Each structure stands twice: as C-alpha cells, then as structure tokens.
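Down below is the structure, laid out as structure tokens.
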Amino acid sequence: MNKTKIYINGKLIGTCDNPEEFVEEIRAKRRSGEVSHEMNITHYPENHEIYIFTDPGRARRPLIIVEDGEPLLKEEHLEKLSSGEMEWDDLISQGIIEYLDAEEEENTYIAMSPEEVTEEHTHLEIDPSTMLGICAGIIPFANHNSSPRNTMEAGMTKQALGLYASNYNLRTDTRAHLLHHPQVPIVKTRIIDVTGYDERPSGQNFVVAVMSYEGYNMEDALILNKASLERGLARSSFFRSYEATERRYPGGQEDRFEIPEKGVRGYRSERDYRHLDEDGIINPETEVSSGDVLIGKTSPPRFLEEIDEFGTVAERRRETSVTVRHGEEGIVDAVLLTETVEGSRLAKIRVREQRQPEFIGDKFASRHGQKGVVGLIVSQEDMPFTEDGVVPDLIVNPHAIPSRMSVGQVLEMLAGKAACMEGRRVDGTPFTGEEEKDLKEALKANGFESAGVETLYNGITGERIEAEIFIGVAYYQKLHHMTTDRIYARSRGPVQVLTRQPTEGRAREGGLRFGEMERDCLIAHGAALALKERLLDESDKYEALVCAECGMIAIYDKIRDKKYCPICEDSESFPVEISYAFKLLLDELKSLCIFPKLVLEDKA
C-alpha cells in the first residue's frame, strides 16, 4: 500500500497510512474550533497526496455543511440571526457554515437548493448566486448566458464609466473618466443590493431595438439616436492632471516657475504662453488646446557654459514648460499649488474635457458581454418608431444574439420593458430571479405582445416594417475606449536621433508603421516607386558618399569643401542614396571589426 504524502502550503512534511480518516479528523477539528477555520485540506486519492493550505490571500467562499442528507442550518438559526441573538461568526464557530477554497471544493458535492439535497451531498449553497464574484454578480439572468460572455462582461464592468470616487473634485488623478448621468439599473440582482452598486452605478438604461439598419450595424456596430445623445445620454468628462516641481540642483541652482523670456534656449512662441499669469501658471476655466503651455518653467543649463570676456560664467537657462498633450484639449478645471516633502514648490493642473459620442468608434457594452462600437449616429426623425411613438436610443444587430447564446440580454430587455410599464424594478438574480412567464404576463397585462415584439415604422419613408421587431430596455455601459483617444494621423513630424526614422506612437507624434505585410502588398502589385517612396523617401533617405576604390563610406569636410575617403584619402567618391538604417548597420559592423565593402556600378 502506498503511503499518502502530506503537504502544507506546498511543502512536504510527512506521510500517513489512512488518508480518508486523517482528512475527516482534521475537518471535524476545524468545525469544532480546535483548528483554525482559515485552514483548508484537500485529498487527491489518485496521486496519493493530501494538501493543507493556510496561505493568506486565497479566494474562499462560505457554504452550508450537509450531514446525512440534512443541511445543518435550520429555521431556528435564521430566526436567531434575524432577532440578533446570533451573528455570522457564530455559524462558523458552531460548524454550521464553513469557508472552502478552490482546492477543497474538489472534494465536495454541492447542492444548489435545499430541495436537491441527497445523502451524497456534502454542502449546500447559501444562495446559488454566491458562487459568482462582484463583477459577475451584477449580470442579470447570468445563468442564461454562455460562460465566455459572462467572463467577458466581468472584465468589461471594470472599464465602464461611472462615478469612480465621490471626492473626484478634490483629487488630481493622472487620468479619470466621469459619467454625467449614471442611472441605477432597472433590472437588478441581489448582489447589486448587497454591494451598494446603486450608490455609484456605471451605466444607463437604453431603449434598445434588435434589428438591422442599412448595414451600418454589421459586426457588432451600434446605431445611436442623435437626439438622445444631445439630451445627455452617454455624456462624460475626461480629466487629465499635469504637474511640475521647482527642483533644486547641487550648486544652488533651481528651476523657476515663470513666463520664459525670449533669450531662453528652447523658447516657444508668444502664442503658446498667452494663457499664463504673471507667476507662470495658468488660471482656472481657461480653454486650452494641444501644445498650449500650462506651467511656464525654466531650468538651469545641464552643463556649465563657457566663460565670457569678463571671466564670469554666463548662465543661459533652458525652457522646460509643461504643455497640453498632443491631440488633447479642454478647460483648466483646477490649479493646485503646494510643496513637496523637500520644500520645493509643486504645481498641479487638472484639465477637463467633455466627451459626447460625436464620432463613430466609441465602445459600449451591455451586461452580457455584447460589446460593440458606434457605427452610425442617426437623427431622431430618421430612426424607426413604434405605434406609440417610442424611438429607440440604440439599435443592435440581431446576429449578435443566437450564436453567442446570450439569452440573458433578451430576458433583461423583456424584464426592463415590464418594469417600465409597472413602475418597479425587476429582480434578475441568477437562478432565483423572477420567472420568464411572470414577465410575459406583465407585458400582456399592459397591452404588449408577451414576446416583447412590436410593429415599427421606418422613420425615413413612414412605411410599416414588415418584420416584428424585438424592443425593450437594457442597461448599457460606456467603456473608456473612445475614438478621441485613439484617432491619429501624421503628415510631418519628429524623427529618432539614432535611426533618423519617424518616432513611434501617438503620444510622440509618431509615424504610422508601414510593416512587412503592407510592403508585401505593394510588391504583389508591382508598385516599385510607391514602395521606394514609403520605405526610403518618406522614412530615412540618406545620401552617402562612397569611395570608388575601397567601397568605404567617404567623408565630406564642410570647412575645406572637400570629399575624401578615410582609407584611400584622395580617391574619387560618388553620392549614393541609401536608407540611414543601412548606414547605421555598416557603422555597427565596423565597430565589430568587420569591413563592409560597397561595390559601385554605373546606373543602368
């Protein structure tokens, strides 16, 4: 018989002969309070291993213990809890409820409801929705969705705009988003109640129609009602903070907040400094755009200057002002002046920008993993409308539902519609929420089709749309992926010092990468001159002088106006167009003591 190895927090500490008895005894001691209730034990019989975990930071959740087919939590316990005679900790210390981690759940058989409990079951869920975390717990009717959609939504909830902190006005976060009119979801769950999500929601209730519209909502694109946006739907503010410090340097030199003078090295234009006050700092509520100076600042030179004719060192300060980022604009929201721990002056400027979905490309998502970007913003008069004159805020494509099996969204729209007609909020808690048939009856009682479909009319022609359109109310979240932050174009701009190629990235006003696959497309088309233009002329074209004898890159002495080869000296050299990156490669090969020789031929 194989001995079973025992591990504590992954470390082998011994073996035992009767693993089942050992595990049962340890669990009994935990339930009686002899061993800490924060310990978990798991037996893997196929591997002959027992794992005991006491590590901090493990995810654990409470379950009701079942013995001989009977849950240990009785009606009398619930009454005592309600009256205050008992507390939650008493249930744990009395061995009625225990916390299990993911490892110990491997040894359990958990019943979802008291009716399901049999003698084989070891535990019972307090409520089926407790198996979900906070992010998954706010999804209504999550048990009707496929699991990848729920996982997707659990990630996207964290990206949704809302009231991220109630003291946002006093904070200077590097970047922050704030939704102007967050609403509590009409279809809620019990986890929403428990976590206080209603106090700081992160979305709005949209009237949603499921239909195609002129092909503009293909591939998860969304169509938004322009009038709804003008009334404040999905409107948000974006805050960005900038800061600068008057640093002190060895030798008594220091930075200064001021409006730089024209003699300062790196001086911009007068227009860039037009918003600054006398102290070099901008005033609140000033409109600013890309490149405007927010904090005027000068710094001492990095190196000592040459001694002038009077034998003194002339200090020529350099410009180090803080400017609005490239591609951003807004209004100065707040100016904070304070000191650092070292006693240096510190200035922080918060700029706010109002964001309304004006462009296509802003990202939205329902609570069922149905994410999409705005494909078209339509005037209200061109939107389809119902017999009662209701115009949807949002149109989603019907192809988004069947293959993804997000039936929870269909139920939420049904429940949202019923809730609006009855003036109440619907409980969409997974497994235990309101039944579909009750929602359908509520719709029927209010004069609607029980399936949630309605007749819609074309807003452009006024004709009745042949198909019945499913329309309801769903909670949608605006995510922080916005076109304003992503859109980018460049004609001319800075280049890198080393390679002389355009810089990379939107923040550095970089070029758009013309990659290998784009190059292959032009090769396939046979567009040789277009290829040369992209990869040479518009990138890092360099005219090198090449020695006709030895093939080494020659030198041009500007003072003497003379070309010569460093090896052959007086030999003839010719200009050759090459990429500067290639010239850099030749230089690096020389540093490795490899002599790259360029062989020149006459042009064909």
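The backbone N, Cα and C atoms fix where each Cβ goes, and this holds for glycine too.
Swiss-Prot annotations:
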type: ACT_SITE; residues: K348; note: active site
type: ACT_SITE; residues: H481; note: active site
type: BINDING; residues: C547, C550, C565, C568; note: Zn(2+) binding site
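In sequence order, Q159, D362, K363 make up the list of same-chain residues 6 or more apart from H481 (active site) whose Cβ falls under 8 Å from its Cβ. Within 8 Å of the Cβ centroid of the Zn(2+) site, not counting the listed residues C547, C550, C565, C568, the chain contributes A548, E549, G551, M552, A554, P566, I567, E569, S571, S573.
Every protein chain considered, the tally of other Cβ atoms within 10 Å of the Cβ of C550 (Zn(2+) binding site) stands at 15. C547 (Zn(2+) binding site) has a Cβ environment of 24 other Cβ atoms inside 10 Å. Around C568 (Zn(2+) binding site), taking its Cβ as the centre, 15 other Cβ atoms fall within 10 Å, counting all chains. Classification of H481 (active site) by DSSP places it in coil, neither helical nor stranded. Comparing the recorded positions K348, C565 on other C-beta atoms within 10 angstroms of each C-beta gives the minimum for K348. When the Cα atoms are compared, C550 (Zn(2+) binding site) and K348 (active site) turn out to be 60 Å apart. Annotated pair K348 (active site) and C565 (Zn(2+) binding site), C-alpha to C-alpha distance, rounded: 55 Å.
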